[in-house]
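Some notes on the structure that comes next.
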Amino acid sequence: MKSQWSNFHQIGRNSFLAASTVYVSNEFNFLNTSLLNRRSFCFAEGDRSSFVVLKSEAEFNSALSKARDGSLPSVFYFTAAWCGPCRLISPVILELSNKYPDVTTYKVDIDEGGLSNAIGKLNVSAVPTLQFFKGGVKKAEIVGVDVVRLKSVMEQLYK
């Protein structure tokens, strides 16, 4: 069967569109078990991850205080339920939170009630946005989906 994306070669290989475009077949293969081997978004028992979902401004302020006083290396992941790119990068962030268990990753849903002031405190204007803190200082920021840069920043700052 020929792909319906005949002009796909005109899109840059490293562009977001190329990375997020998925060919959909007219047939479904029930024998395809690749999804069975994928990691669940739920944390398994014994998971070493340090992934925290912030639900209130008080929780956000506490996390930001820990990040700014230097006591806790942190990543703030600003996201939204409606954000397609956020859904693409979420599994990578979960994987990295397991790889670097001493770094706390805080997930902040920008549409969560009471967190609108949090967005202003760190000057977040788009999602996904990741801000990296080490030694009490914001060391890096990534806006958008850049998996290679995300892995590189994590390795440089927290290894």
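For all residues, glycine too, the Cβ spot is worked out from N, Cα and C.
Residues or ranges marked as active site, nucleophile in Swiss-Prot: C83, C86. Residues or ranges marked as disulfide bond by Swiss-Prot: C83-C86. Summarising the annotation, Swiss-Prot assigns domain 'Thioredoxin' to 43-159. Summarising the annotation, Swiss-Prot assigns phosphoserine to S40.
Mapped onto DSSP classes, the domain 'Thioredoxin' (43-159) shows 46 helix, 29 strand, 42 coil. Same-chain residues at least 6 positions away in sequence with a Cβ under 8 Å from that of C83 (active site, nucleophile) are, in sequence order, V127, P128. Within 10 Å of the C-beta of C86 (active site, nucleophile) we count 21 further C-beta atoms, all protein chains included.
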